Amino acid sequence: MEPSIREPLVRKMSFSYQTFPERAVQRLDKEYLRSLHNKRLYLAVFVAVLGNFSFGFALVYPSPVIPALEAHPSPALRLDQYTASWFGSVFTLGAAAGGLSAMLLNDRLGRKLSIMFSALPSAVGYALMAGAQGIGMLLLGRVLTGYAGGVTSASIPVYISEISHPGVRGMLGACPQIMAVLGSLVLYALGKYLSWRWLAVAGEVPVLAMIILLCFMPNSPRFLLSQGKDEEALGSLCWLRGRDTGYAREYEQIKDSVRKQSRQVSCAEIKDPFIYKPILIAVGMRFLQQLSGVTCVLVYLQSIFKKTSVILKPEYDAALVGLVRLFSVAIAAVSMDKAGRKILLFVSAAVMLVSNLTLGLYIHFVPASQNGTIANKTLVNSANLPAEPANSITLIPLLATMFFIMGYAMGWGPITWLLMSEILPLKARGVASGLCVVVSWLTAFTLTRFFLPVAEAFGLEVPFLFFAVICAANILFTGCCVPETKGRSLEQIEAFFRTGRRSFMR
């Protein structure tokens, strides 16, 4: 250890670590947060979330590509309705597999190396799609990019949470969602000018930039301490916080927390409320997040608008949705550390509830002659119908959809990922974060797979009324199960679940 790092540590060891802070300690914590230098922390977060940018890019890659391949002159690459549906949905299966493998990678390789590892399947997947000579190569490319997205979905939020301090953890925790939305917007913009092969080539750029820049970023101090690499952990924290700050006290807090959880979680320990309660909360939030219907709305947006006779040029549909998502996630990023997590979750779920209920009731009660839909036509067929002249009532489904996406993006979108990384105990964080990703993407695949059959068999209003019920359940779940983590260190959050004492969160 360098003397310049050892000296401040020795000088500041007199601060004893207290999970339950006294007033003097709280004052020291606030002074410490004000003294920190965040430039390097922001740089590390930016480099990591390049993986989310690539994830957002890959997720919506089929949007401009499927129409091009449906009209492709080569039979080997031409998509029909069956292969096009698989081309769009197989990504989620790859993401589920990536989340499953992240359960091992996060604890074996560490958070940073797991993110770097994801670059390999992502780069290979884009290369396969860029040089595809048949549908098989396209599907394999989608699976590999989905796998990479699943790994980054489980690893990046944990990495950001573990290198951040409570003063900015909420804001930085929203960065993965912001970058994913930006990745989607860039894909839509490039789709107007590049062919589908060159779009895949463009997807390689953020992947290569991420893996090169991550080589110069530190690993998580908590992970390094869990591996017995104390000096590396101290150096990592010094780099992130600034050499002339009082980071030694934070180091001792982290070290004490890691020491209490030095072993991997065992099957017997799963019965401990300290372990299973935060895992159930995190998994439940990921499950309810997908059940609220966001993936279905995004995937079938144009078909839904056609079915409800919303006149909007197809080339502007996705861009408008992306801009609304970006604006809303930015609001969440700014307000998360001020308003708190729970209030944003309540507002988000309430907005989604009203939006889904409005859209479901509109479809059910507004006669087909007024909303322009044609009876006995399926949702798929209606996507190809010419738009009819609209009156002012057709603004209702448009506004309802926009508000739904806005509500999701300002709460249940980014905050579920942030809370997952905040509340999971250190010894189970790698495995449990992977489990959350698996549950999330399997739920998304199931919903997108059965959305069209249910809409065709029972009516389009049925899925939206179901989503409204789920959003009501989200409100109850937030009030009964989700703790407020604003301004709390990860050690304080762990102490709350260990003891059940609310005073640890004050």
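Just so it is clear, glycine is given a Cβ too, placed from its N, Cα and C backbone atoms.
TrEMBL does not curate its annotations; it predicts them automatically.
According to TrEMBL, the transmembrane segment annotation covers 41-63 (among others). Within the same chain, residues 84, 87-88, 91, 112, 115, 118-119, 122, 125-126, 129, 142, 145-146, 148-149, 152-153, 155-156, 159-160, 163-165, 168, 172, 175-184, 186-188, 191, 199-200, 202-203, 206-207, 209-210, 213-214, 217-218, 240-241, 318 sit at least 6 positions outside the transmembrane segment (41-63) and bring their C-beta atoms closer than 8 Å to a C-beta of that stretch.
A mean pLDDT of 81 is what the model gives for the domain 'Major facilitator superfamily (MFS) profile' (44-486). The domain 'Major facilitator superfamily (MFS) profile' annotation in TrEMBL covers 44-486.
Residues 58-59, 62, 65-66, 69-70, 113-114, 117-118, 121, 135, 138-139, 142-155, 158, 295, 299, 429-438, 440-442, 444-445, 448-449 of the same chain lie 6+ residues outside the transmembrane segment (83-106) yet bring a C-beta within less than 8 angstroms of a C-beta in it. Per TrEMBL, the feature transmembrane segment maps to 83-106 (among others).
Tertiary proximity for the transmembrane segment (113-133) is limited to same-chain residues at least six positions away from its ends with a CB under 8 Å from its CB atoms, namely 48, 51, 54, 58, 61, 76-77, 98, 102, 105-106, 140-149, 151-152, 154-156, 159, 196-198, 200-201, 203-204, 207-208, 210-211, 214-215, 219. Under the heading transmembrane segment, TrEMBL lists 113-133 (among others).
Remote same-chain residues near the transmembrane segment (172-190) are listed as 41-42, 45-46, 49-50, 52-61, 63-64, 156-157, 160-161, 164, 199, 202, 206, 318-319, 322-323, 325-326, 329-330, 332-333, 336, 409, 413-415, 417-418, 421-422 (criterion: CB distance under 8 Å, separation of at least six residues from the stretch ends). Annotated transmembrane segment per TrEMBL: 172-190 (among others), in sequence order.
According to TrEMBL, the feature transmembrane segment maps to 196-217 (among others).
For 287-305 (among others), the entry in TrEMBL reads transmembrane segment.
Here TrEMBL flags 343-363 (among others) as transmembrane segment.
Summarising the annotation, TrEMBL assigns transmembrane segment to 395-419 (among others). Residues 153, 157, 161, 169-170, 173-174, 176-178, 181, 281-282, 285-286, 288-289, 292-294, 297-298, 301, 304-305, 308, 310, 312, 320-321, 324-329, 331-333, 336, 341, 344-352, 354-356, 358-359, 362-363, 366, 371, 474, 482, 485 of the same chain sit 6 or more residues outside the transmembrane segment (395-419) yet have a Cβ under 8 Å from a Cβ within it.
Annotation comment: TrEMBL describes 431-452 (among others) as transmembrane segment. Outside the transmembrane segment (431-452) by six or more residues, the chain places 89, 92-93, 95-96, 98-107, 150, 153-155, 157-158, 265, 278-279, 282-283, 286-287, 289-291, 293, 295-296, 299-300, 378-380, 420-421, 424-425, 463 with a CB less than 8 A from a CB of the stretch.
Residues or ranges marked as transmembrane segment by TrEMBL: 464-482 (among others).
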